[in-house]
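A.B. asks: Submitted below is the structure of interest, expressed as structure tokens.
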Amino acid sequence: MGGIADSLLLVSLCGLCTFLTGLSLSAIATNGAMKGGGPYYLIGRALGPEVGVSIGLCFFLGNAVAAALYVLGAVETFLKALPSAGFFTETSTKVNGSVSKPIQTISTHDLQIYGLVVTVILCIIVFGGVKMINRVAPVFLIPVLLSVLCIVIGIFMAKKDDPDTGITGLSADSFKDNWDSMYQNTNSDGIPDRDGKVYWNFNALVGLFFPAVTGIMAGSNRSASLKDTQRSIPVGTLSATLVTTLLYLVSVFLFGAVANREKLLTDRLLTATIAWPFPVVIRVGIILSTLGAALQSLTGAPRLLAAIANDDILPVLNCFRVADTSEPHIATLFTTVICMGCVVIGNLDLITPTVTMFFLLCYSGVNLSCFLLDLLDAPSWRPRWKFHHWLLSLLGALLCVVIMFLISWLFTVVSLALASLIYYYVSIKGKAGDWGDGFKSAYFQLALRSLRSLGAKQVHPKNWYPIPLIFCRPWGKLPENVPCHPKLADFANCMKKKGRGMSIFVNILDGDYHECAEDAKEACKQLDTYINYKNCEGVAEIVVATNMTEGFRGIVQTMGLGNLKPNIVVVRYPEIWRRENLKEIPTRFVGIINDCIVANKAVVIVKGLDEWPNEYQRQYGSIDLYWIVRDGGLMLLLSQLLLTKESFESCKIQVFCIAEEDSDAESLKADVKKFLYDLRLQAEVIVITIKSWDVEGGSQQDDSIEAFNDARKRVASYLAELKEAAKREGTPLMADGKAVVVDEQQVEKFLYTTLKLNTTILRYSRMAAVVLVSLPPPPINHPAYCYMEYMDLLVGNVQRLLM
């Protein structure tokens, strides 16, 4: 139907596709040791386990279905040679509407019966292992070579100008008549019929012919059985591709000139008709060649499935796992069942496009793998096969996609959808592969280039992203095997917009580096497991230092690269600091804040982490901001990020501002509203004057005054101890290992200020989902103990507070 011209184009297109894929396959196969799994192993190691498993399973299905295709082809040839072997009646077939000559057709039931029997026989051979397959291989190969020889001799010896047979011999007139295409309808048996429901065109011929060039993976499918994969695969694959493509091209020329078009269309075994001197050899050769292809598919498909199972990516495939030297019997049975199911369908034209799509999907994966590896040119990319280039691999991948759409856009979409579903399933249920794939290399190079493009200049506010440094050092003991507070990752997720952003979880291991290095690695694994369990985008880092202070200072100075350094330090408020044997907590806590101030890092102190909601606990009410001092908009940003989370999306934002006089309230409120409008932020503005800070009567006043008086007594007692120690030792007033200067009136003022702020928060925001307040910096030369007393007054009775 396609004529000589379209047939040459068809063979050239398919041959070029497989040749380019063979080049890519040769390059990847010679880049290191290749284990079992063939193309799955190559694609998985280059594009990652998800892509490898999705394409590998599709290729497995393609091989299993292809086995059915070859079995049906062999059975059809057998029944054509021996019509009496059929159990069901054959019928005549019309040619273009009239019965010019009875044409025997084969019953679908005969195809099914004989197909199932042949499949079982091939399955038994496969069960015998690779050694048995290698022994019977010559039985399939020698008749094929003999058949080719008989066909070539028969073409040159064909009778000329015999109108009864339609064979003209090698004739220029026949060549000219058969040059152009003449597409038409056929019936379900492929016989031309004006009333036939099947219409053929070039695209349909591509789908029909492409399975003839799908054998290039036969060697790689048996990679585990090859002695030297790095030599055998390139030489065997490319030489077979070139020889068969050349043979196909020559066949198009010879058959286009040896018979008229009607003979070519109606005689489905024209090769046997022409062959000389033994036409029967052709029928035997066709049967054995197709059975040999089926045997290759039934041999390669189970090993491919077993290789996927052995990588332990999908637990559901564990039943197909085998030892390195064992035969994949369970996978072979499963493949045989799929093959039998396709044999029962009994329609070659329905099976062929399905096979073609799966093979093309695999070939495009091989080409893309070589393209990616060649383009990235990682240090580990050193293939022995030098005849490759990323442009050729890209061309091969594009050619595969073009052929897929040429054959059928519907089958293409279905196959891509199936591969996507498998990819999605593997990404959710699968385990991470323990190999370095090309995508990770691409991410690495992309990160380096992005880092260089960011430069060392300060990031513009429009491009600013929060990169929180989550300090996991727990204040007190946590349950065994918990690397940090269980809710810390939940809070870290709330600091990202739609999950975008990176958090760095750090902890400090006290001790000597040489002694604690292994412990640090184990702790890092535990912390990383916790981060993954919480579905938080972040990395874990464990630093060994002689003490926490030195360790934190090293972290805050060196963590990150260029502009990708942490800009927010998140610390849990140490609510247990008053307990015995925890006297070092105030010094460390204040030291962290002071170190962050020196390093120009923002600080977020979280109080009430135990009650912090997870993603399923929806909050109602308000997110209240107490804007005491200018903070660059950090509190506003955090409040907006909280609203993007499901747990806080039902809340509203309230901004509380402090005015000195009542006359300033309206002006301040207008300015803040204008500021929020310019920032595209929705919030209610509430102005509080200093006069309204006076505590009103009631039980709230009594509780606050009692807490204030207790704090005064504790501070006075602490300062008295410091003075007594300084007097006894004859030294200046010392605290936290350094000299301090304490103004008791200023201490009183700080206590009273934090008391009033806490009272205001409790008055207006007792029912708030979360409260944000400016963090007062530690006063210079004040003892850390005094600062902790200020903070305790500030956070008292507030459920969730961010400072």
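Note: Cβ is positioned from N, Cα and C throughout, glycine not excepted.
Where the annotation comes from TrEMBL, it is an automatic prediction and has not been curated.
TrEMBL lists these features:
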{"type": "DOMAIN", "residues": "2-463", "note": "domain 'Amino acid permease/ SLC12A'"}
{"type": "DOMAIN", "residues": "486-607", "note": "domain 'SLC12A transporter C-terminal'"}
{"type": "DOMAIN", "residues": "618-798", "note": "domain 'SLC12A transporter C-terminal'"}
{"type": "TRANSMEM", "residues": "51-72", "note": "transmembrane segment"}
{"type": "TRANSMEM", "residues": "111-130", "note": "transmembrane segment"}
{"type": "TRANSMEM", "residues": "136-158", "note": "transmembrane segment"}
{"type": "TRANSMEM", "residues": "198-218", "note": "transmembrane segment"}
{"type": "TRANSMEM", "residues": "238-257", "note": "transmembrane segment"}
{"type": "TRANSMEM", "residues": "269-295", "note": "transmembrane segment"}
{"type": "TRANSMEM", "residues": "330-348", "note": "transmembrane segment"}
{"type": "TRANSMEM", "residues": "396-426", "note": "transmembrane segment"}
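Give me the structural setting of these features: burial, nearby parts and distances.
C.D. replies: The average pLDDT for the domain 'Amino acid permease/ SLC12A' (2-463) in the predicted structure is 83.
Outside the transmembrane segment (51-72), and at least 6 residues removed from its termini, the chain residues within Cβ reach (under 8 Å) are 37, 39-41, 43-45, 111, 115, 118-119, 122, 211, 214, 217, 221, 290-291, 293-294, 297-298, 300-301, 304-305, 307-308, 313-314, 335, 338-343, 345-346, 348, 351-352, 354-355, 357-359, 361-362, 365, 415, 418-420, 422-423, 426, 430, 433, 437, 439.
Sequence-distant neighbours of the transmembrane segment (198-218) (same chain, 6+ residues past either end, Cβ-Cβ under 8 Å): 1-2, 6-7, 9-11, 13-15, 17-18, 21-22, 25, 38-39, 59, 62, 66, 69, 181, 183-188, 190, 237, 240-241, 244-245, 248, 293, 296, 300, 349, 352-353, 355-356, 359-360, 362, 403, 406-408.
Long-range contacts of the transmembrane segment (238-257) within the same chain, counting only residues at least 6 positions beyond its ends with a Cβ under 8 Å from a Cβ of the stretch, are 3-4, 7-8, 11-12, 15, 18-19, 22-23, 26, 148, 152, 155, 168, 170-172, 174-175, 178-179, 212-213, 215-216, 264, 270.
Using a Cβ-Cβ cut-off under 8 Å and counting only residues 6 or more beyond its ends in the same chain, the transmembrane segment (330-348) has close neighbours at 60-61, 63-65, 67-69, 71-73, 76, 108-109, 111-112, 115-116, 119-120, 123, 126-127, 188, 298, 301-303, 305-306, 309, 319-320, 322.
If you look at the transmembrane segment (396-426), the same-chain residues 6 or more away from its ends with a CB under 8 A from one of its CBs are 13-14, 16-17, 20-21, 23-24, 49-51, 53-55, 57-58, 202-204, 206-207, 210, 313-314, 353-354, 356-358, 360-361, 363-364, 367-368, 371.
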A.B. asks: Treating G and I as helix alongside H, and B as strand alongside E, what does DSSP give for the domain 'SLC12A transporter C-terminal' (486-607) in helix, strand and coil?
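C.D. replies: Grouping H, G, I as helix and E, B as strand yields 52 helix, 31 strand, 39 coil.
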